[in-house]
Amino acid sequence: MPLPGLLALFGSQTGTAQDAAERLGREARRRRLGCRVQALDSYPLAKETPLTTCRWDDSRGPGKAWRMPTPRVQAPTGLLPVQRFWRFIFRKNLPATSLCRLDFAVLGLGDSSYPKFNFVAKKLHRRLLQLGGSALLPVGLADDQHELGPDAAIDAWLQALWEKVLGLHPVPLDLGVIPPGVPLPSTFTLRFLPETPGPNPEEQLAAAPGPRGPPSELQPFPAPMVSNQRVTGPSHFQDVRLIEFDIEGSGLRRGKPPLPCGFRSFAAGDVVLIRPENAASSVQRFCQLLGLDPDQHFTLQPREPGTPHPPGLPRPCSVRHLVSRYLDIASVPRRSFFELLACLSPHELEREKLLELSSAQGQEELLSYCMRPRRTTLEVLCDFPHSAGAIPPDYLLDLIPQIRPRAFSVASSVLVHPLRLQILVAVVQYRTRLREPRRGLCSSWLASLDPEQGPVEVPLWVRPGVLTFPEAPGTPVIMVGPGTGVAPFRAAVQERAAQGQTGNFLFFGCRQRDQDFYWEAEWKELEEKGCLHLFTAFSREQEHKVYVQHRLREHGALVWRLLDGQGASFYLAGNAKDMPVGVSEALTSIFQEDGGLSRPEAAAYLARLQQTLRFQAETWA
């Protein structure tokens, strides 16, 4: 008799929702329940719904690709991983009885520092009720800002969920619950090959002949790196790089869909996605710690029929390829990592500590040991060497998640740089209480590549971005882009200037003119040609700090005239910490002082700009 089934659907960009959904899947299997865990946008919505659907979402907002109609606001239009699902579930022609046979529960993973905290989860919960679904639980609202992180809410929500589900489908008496200390079977088995295959399968995959489709996550384009130039002064605290790629033969070109088969359009506002690699020294250290031969090859065999092969892994695959290009050993491990490692550990003292860190009572210690200092998976394994050395290779893909792609705004227009694509990359490096500084995996990897020392290829693909610029000629645009937030606006200004559009108003801010004023010469040339109106704020060049929001207030009459009199669109990009709120307050002030609106009228005016997409923002933490 088949086991009762659950379906856990997740929409995840940071990986947290996926991790939580996979936790539900593991707990279901321990309770002898079948559970399929699947990304929302990959689920065929027309299929008959299962017994229970649990929906997970981590709409946090800091990543570059989230669409945010208001500064620091969570909104459904930013849920790139669930856009197809969202459009379908909110179709007006869906009958009110569409989900009358569905029991569901929704858990949102959010951040209460955003004004519309967990807006997506709340809206989805209401929509499922409207379509006839029966809620097992009130919507769960996990919060990054909680002192114990989102797990504080997830633990309680899961406990309540299991009480409901097991009330409907108790664990069979003859089977019982699988104890937490017993490891579940791995998803795959690794079968090591006795001999190294002939031609390198990784190289064969990259150089496969025949027609290629447009670049995508499953088939990225190996773009040759043309240049990698530091664009901040030598004494500046941060290393920022302007990186250029050759995209000839990629199928990427400017244009409106639909394009001919094999081509994909991209334009200002779109983003480039790059999946980085782990450092060679980290790969070597990991392999030594786990007793793996990096040059040995293997094949993967799924334990359950229908389990898809991990995307991007060749068949057969080398251990070196798996560790360098797939396993995210530089990420901060989640609670599930400690839970599984404890199950696999033969060392009593290490296992006891791992169990403590993975328990509900040990979350404060886990935060102190791992989350706050940003300790990496590799560093944790080094701290538990006996456990690391005993990890069966079969469990590697269950223990360590896949490296996630990073998104960068396109910083150039093909109208100005044909067959080229540029991005602006701030190299992430900071200190915690750990001895070694923390480094961003992707930015550090990109900064380490030097095309002057030999050919360098970076696999990449492009997807539609958050910002969309007006097509109507003559529509002015106001762009606020401090720091590296100016990158998408450089592409927009280049594109619009090449088309003869002169209503480009850019507010740019940085620390010092001679250290981090990106593209200064280019802006001046465009100003002289009458293609750009530039307003700058150099925050450290006077006694009192001056930011872009101050410059907006100084030119409030111009901003009001452009928005109210000429139908301009307003764009904002940059760090999500304080700047978006400051800009929003500056606009509200302008609407009152220069537009003569009351405070409620000014707030309503700003809301209308957001609703009509005449105010768009792309911010990140």
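Cβ coordinates are placed from backbone N, Cα and C, and glycine is handled just like the others.
In TrEMBL, annotation is done automatically, which means it is predicted and not curated.
In TrEMBL, the region 'Disordered' annotation falls on 193-217 of the listed ranges 193-217, 293-317. Shown are the binding-site residues Leu441, Val548; the one with the most C-beta atoms within 10 angstroms of its own C-beta is Val548. Neighbour counts were taken as the number of other C-beta atoms within 10 angstroms of each residue's C-beta; across the binding-site residues Ser12, Ser112, Asn118, Ser443, Ser539, the minimum falls on Ser112. When the binding-site residues Leu109, Ala407 are compared by the number of other CB atoms within 10 angstroms of each CB, Ala407 has the fewest. Across the structure, Ser409 (FAD binding site) and Thr484 (NADP(+) binding site) are spaced 9 Å apart at their Cα atoms. The binding-site residues shown are Thr484, Ser539, Arg540; of these, the one with its CA atom nearest the CA of Ser112 (FMN binding site) is Thr484. Among Arg374, Arg406, Ala407, Phe408, Ser409, Gly440, Leu441, Cys442, Ser443, Trp620, the residues given in the record as binding FAD, the maximal Cα to Cα distance rounds to 26 Å. Taking CA atoms as the reference points, Ser443 (FAD binding site) and Lys545 (NADP(+) binding site) are 28 Å apart.
Of all the binding-site residues in the list Arg374, Lys545, Tyr547, the shortest Cα-Cα distance to Asn118 (FMN binding site) is found for Arg374.
Spacing of Tyr547 (NADP(+) binding site) relative to Gly15 (FMN binding site) is 34 Å (Cα to Cα, whole number).
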